């Protein structure tokens, strides 16, 4: 290949000159020589770079020329030509080219273009990421990219200018350079970003596990940014009343921070891994490689922070956990002052004024304080003797041997899973110490070589389980006092894996959610592994939801099996569950849902609880739907607290009980409606009460405890408590709740205070005389108190359902008796021989009061009411107040009879009477149907029979609803709100409709008596009748529901389905309208009789309406007082327990249908005659003749009907059968 160097050289120089001229033309308006500012134009924008040297006259330029040459030109050949060129090359008098290099060579490959930088040149970082690099990045740059960049070239690896010997600034005015003046166009920078996370310990452990199992080297965020490393640098947690901030691996606190806040581990190379406090200036742990020991830290060495625990010989008071309390501040002041003065004089290495109070904790009273010393070896013996004497003089009782140096959380740091071994290491202050004593919960551990194994300084607890929870400690002797490493360890609970159950699903193109949940300490994994887009994990519940897309293709395949696994941090499988999804083409199932699948009628399934609960529940296929028949599900958050309570320590009680209250309040609805959740809360309260016996409980803790009792003891939980008190497995729950509350009352401090919540009132007082009080509903009198006595009274205003009315006679049944007053607990610290109670009764209708106390040992430990040692002091028939006297103290109340006599008599009367009434009402409707056409030929008669039919129909439906309501609830049981409310609503509505149709009958009578000739049409009368007859009752019934349902006072609480009386007086919504109608009807009747007697019946009405008016008058005159009297006795049953009133009401109320048949139908002679004619009844006596003044009378009928004919006799002559056109008919009215 022939090459013309002259032409190539000419072209190269020409191209260079062209670029130089462009730059000069572009910048000719600028004065460079006097510039004091450095200015650069990026070659990525203009293909040139201009640097103006500060204070220098020559200006250097970098020009980039892009040449396109044939493939026949080899790269080495061109390089050789350039190397043969002699530089500098003068272009003008003031311009020289001092160096020429090839920076990049681009050529075509099979996959595209590649551009490779030449020696000493590289691609900038952003170019390597954008195009991208075809080899590895090194130091933020690369040698090769997979495309030709637009207007950008390689840049020098080094920032040094390679200038020849002839390069002299004094001789050069403008110098062309192809060297870059910087390392890269976009240099890489390293940033450290701190992210503060506020989370609980469980979530922090999840972060640790995730970071440990994840790879971040590197993780690209964009084309120019990547995450090179992620570390958990600092972890701060509350520990024994204060913060401890620990560093992660490869991180430490600088020395000044260690000594400012106090370190909680050993000092190494002027750094520490743990401090006792939360840095206020935003500091966090630093990489150890970056930490140095500043000069101002040297004066700290050697300084050692020590924690000293001192046992005070007095009972612990929870006020010492409150840093704002008077007791805490007093003790802190005395101890700090005493320690500082004594140690400063007796410990030569003690740093003055370094003492800090860490906390007070139970165990008598243990005061933890921290001091700083300059020596590791000390003699505390003499110093502690002096300190004990000084504190005792100030009434803080301390002995010389009650001191120990302690280290908290220093023997184990990893999670412990059930079944695994727990290896505890005793970190002694002196490696030569070998005599170590191990203890658990204050009791020395007996090494058996099986459960507990000791080797050197290590204790191994094998095959751990819940029984291994507790406070472990190792003790040695150092510096003449005990040196104790202790730590509270909790074994992680079992995974409690819950999954979707094996179900049968219809074969449709529908996605279904498969769920698997486990305790938050475990990782949840699926097999087969789903795609990422199908998987959602909820951190709050540790539930993994797998969206499985069902397709029609799956119908032909075998069943689909899924497996869910719970694994620990070491990826060990702790529990796994498999379930099967069976697809079927069958369409019709009695019950079907995507949650429970398909099922047959009455089929039962034991299924897992929802994701936020643990346990199981039983569902049954009922009426084309799955219904829950047994629910043993406990909220996961509650179960987590139950797990914590197993290892609850006295110092943790204030925080723990607050967490219980918050959890219970936030989930109140779910807890009140679940027996399992209430049992869990009672268990938590009981655990709190047990642990609280080791110290004095202050007002704050007790108030939190009682507010938690408020949540589960409210009226809203009555139905749940009824179930708890009737099930064999949960009967003791109410007794345990009462006992826990009493135990908390026994542990109260000696201060006087009161606490009032929604349903509980507590009063704590001390007296050395008589005591009386509590509130307006319950009075307590304790005479003859000779010594100073602390008295705690707790009044539970709504425990009448929480505590069952069971005693030695009636176990589990509240049919015979009922708690009819507050439940009062009386707790004293002395023996009381005489105590008097006066209770205001809740239900004034109950009789036979009995003074009782709750005996926790009764009925084989289940607990029940007992009257031993209590005596009734008021009349047995008293219904307003009951006074009792007892010779001991515990929880008291009164039991009263729900029914004064055996109520079987009332039952027989009611059900027999209602049966007769229903039969009579059905007969009434049948008779009306038979004679309807012939008896409704004029408007008055038509409206009269319309009223009778609607009265009978309303009463019939109301009686049927009564029987339904009686079947829903048994006496002594709580009424189920939903079904019972429905039955009550319809009874209320139709009983009111009966009275309003009675009102319409009376108004019709008044209308036809007063208004004779100017009558309204039948259509208008029908519209008015139905509007009043059904519209008004419906309005009253709906308003009643709206006004009382919100207070849960629409229906009675137990025994029957009917309107409430004791709480909301909803029963008045029936009684007031009914009795008002009774009064109106009686007034109408008086007006009508007065009109008829004054003017005569024949002068006021049309002849053919006289009979109808008289019959209406008779019905109103008889039925109105009868119905009014019935419900007058009904009110009596609500306020009185007398048997006679109940029997009279039962008879009158149950026979209303019979009264309607007799007085509204059978006593009407026309109905009897028409009925006899329809049924073809003939007079069997041939000797009797029927004569009237104008022709034959109606036939007589049977003897039974003849008896009623003699009561009211009408002699009528009417050949047209009582048509409205018979103007010559004459009537005579005889009432015999």
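Cβ from N, Cα, C; glycine included.
Taken from TrEMBL, the feature domain 'SEA' covers 300-418. Residues or ranges marked as domain 'Ig-like' by TrEMBL: 401-477, 482-580. The domain 'GAIN-B' annotation in TrEMBL covers 751-902. Here TrEMBL flags 906-1164 as domain 'G-protein coupled receptors family 2 profile 2'. According to TrEMBL, the feature signal peptide maps to 1-30. Annotation source TrEMBL lists transmembrane segment at 908-927, 948-969, 989-1010, 1022-1046, 1066-1090, 1111-1135, 1141-1163.
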Proximity verdict for the domain 'Ig-like' (482-580) and the domain 'GAIN-B' (751-902), three or more C-beta pairs under 8 Å: no
Secondary structure content of the domain 'SEA' (300-418), with strand meaning DSSP E or B: 40 helix, 34 strand, 45 coil
Per-state residue totals over the domain 'Ig-like' (482-580) - DSSP helix, strand, coil: 8 helix, 53 strand, 38 coil
Cβ contacts under 8 Å made by the transmembrane segment (1022-1046) with residues that lie 6+ beyond its boundaries: 943, 946-947, 950, 981, 985, 988-990, 992-993, 996-997, 999-1000, 1059-1060, 1064, 1066, 1069, 1073
Averaged pLDDT, computed only over the residues in the domain 'G-protein coupled receptors family 2 profile 2' (906-1164): 77
